[in-house]
Amino acid sequence: MDRVVLLLSVLSLGVSSQPITDSQHLFSIAVSRIQNLHLLAQRLFSNFESTLQTEDQRQLNKIFLQDFCNSDYIISPIDKHETQRSSVLKLLSISYRLVESWEFSSRFLSGGSALRNQISPRLSELKTGIQLLITANQDGAEMFSDVSALQLAPYGNFYQSLGGEELLRRNYELLACFKKDMHKVETYLTVAKCRLSPEANCTL
């Protein structure tokens with residue numbers, strides 16, 4: 001709880017007009033948070049994969065590559081070039097929606113309850129931080145639309161009692177999509193932070 005209060009008190013500085021160094025500091029906090037979440041996602045995925053037979057891993061990976069994540073409905077840059085051309089506000093907007101899309105879904109992740117229980121509060125922290133960064137970076141030329149305008153429905157089989165191969169596939173899909181989305185958010189926030197430094201090389 002203390003960590004959340006500290007984050008909010010620090011990030012709230014961004015709501016007022018501050019020098020570029022303050023904005024960079026706020027972004028540094030957000031980037032640190034998403035790096036931690038991405039690491040947790042990788043560990044959960046690795047833990048789950050370690051319980052599978054080699055052939056099961058191969059088949060599930062093949063299926064996943066042909067399937068879609070729920071968050072694919074969120075319009076985002078298609079490659080690194082488009083990412084680099086996107087505005088800071090756009091990257092923050094997409095990051096917010098990606099994080100928000102996992103607030104409910106993350107409760108169903110496999111791979112270890114000790115790690116999974118860390119994810120929900122950290123997603124909430126990051127979501128709050130990104131919202132404050134969005135407010136700090138809005139101007140008359142580019143206004144951010146309501147972040148709650150797009151609400152993704154949960155995965156279709158969340159409420160179904162699954163077993164065997166279907167349960168295995170759902171668990172693999174959730175973990176793979178979560179890892180993929182946390183990587184996206186880490187990339188977008190890192191580029192957005194870099195864009196505030198005119199002398200920096202933001203090449204991906």
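Just so you know, glycine gets a Cβ as well, placed from its N, Cα and C.
If you look up Swiss-Prot, you'll see Cys69-Cys177, Cys194-Cys202 marked as disulfide bond. Marked as pyrrolidone carboxylic acid by Swiss-Prot: Gln18. What Swiss-Prot lists as signal peptide is 1-17, and the listing cites similarity to another entry.
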Cα-to-Cα gap, Cys69 (disulfide bond) vs Cys202 (disulfide bond), nearest whole Å: 27
Other CB atoms within 10 A, centred on Cys177 (disulfide bond): 23
Chain-internal residues near Cys202 (disulfide bond), provided their CB is under 8 angstroms and they sit 6+ positions away: Gln84, Val191, Cys194, Arg195
Structural state of Cys69 (disulfide bond), classified by DSSP into three states: coil
